[in-house]
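Feature table excerpt (TrEMBL):
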type     : residues  : note
TRANSMEM : A:6-24    : transmembrane segment
TRANSMEM : A:31-49   : transmembrane segment
TRANSMEM : A:55-77   : transmembrane segment
TRANSMEM : A:98-116  : transmembrane segment
TRANSMEM : A:154-176 : transmembrane segment
Amino acid sequence: MSLAQILFYAMAFIAIASALYVASSKNLVRGIFMFFVTLFALAGLYVLALADFVAVSQIVIYVGGILVLILFAFMLSGKETLDSLGRQKDKFVNSGKIPGLVLSLLFFAVMVTVLLKLNADDLGWIKQSVASGNVIKPTDNGIHNIGINLMTTYLLPFEAISILLMMALVGAAHIARKEQDA
Amino acid sequence: MISLNDFLIVGAALFCIGLYMLLTKRNAIQLLIGIELMLNAAILNLVAFGKFDRVNNSGQIFALFAIVLAAATTAVALAIILTVYKKYKTIDPGKVNSLKD
């Protein structure tokens, strides 16, 4: 087993375990901070998939932006939120949660079965790109190529998503503003 | 060399944890975290497949687009959560029964 594989299994374990903790903990703040750990482990997994730039953007946008926003909203929503959380049922599995648990476990079973049957490493286009050398190597510097592709092949989606981001931010500011007269 | 199946199975596990949170939580912020987990599972799959496209980088670039979309979604969803909290004094989606008075 190579070092990359050991790192992969360690990070996958950290990501899944902390995600399970987020799903099961009663304490919302602790859950949010464990979500940090999940996101960092996922960034590590992206690095192991040789997508350095995506990993860096993940850390900048998620950890720097989204989680701070979530904490901000959590602080603004006050004490009653904490109280209503404390009044929830204590156990991880109580009768209200069994349908959700069963549904998600069944969904997981279906997905794993399909993935094992699919055996993604034997897909035609993947074999083809391995044969033609179209695979990112650990020594490559991919950011240059990503920038060029972003400004040529994917220029239209890039512009569309920048407009969408601006619209979403303006809309969020509009929704969250103080009402003058209800 | 890490096999592609491993990435996909980790993605499936994270997706199902997000699905579980979405189905059982009674707090809008936890629902949002569940959605973020599911999005991250999808991004992991994009990135894992993107390794096999060196010329066009399609997987990585669409992963970047998905991250930006997640940021936009979160901003709007948190604005909605704050507005709902101002009106109902709770962020339990089960207790909110109308969006406009």
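Note that Cβ sites are derived from N, Cα and C of the backbone, with glycine treated the same way.
As the structure is a computational prediction, the values presented were derived from the model and not from experiment.
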In the same chain, which residue numbers or ranges, 6 or more beyond the ends of the transmembrane segment (A:55-77), come under 8 angstroms Cβ to Cβ?
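Same-chain contacts beyond the ends: 28-29, 32, 35-36, 39-40, 42-44, 46-47.
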At a C-beta cut-off of under 8 Å, are there same-chain residues at least 6 beyond the transmembrane segment (A:154-176) that contact it? List them, or none.
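Here no positions qualify.
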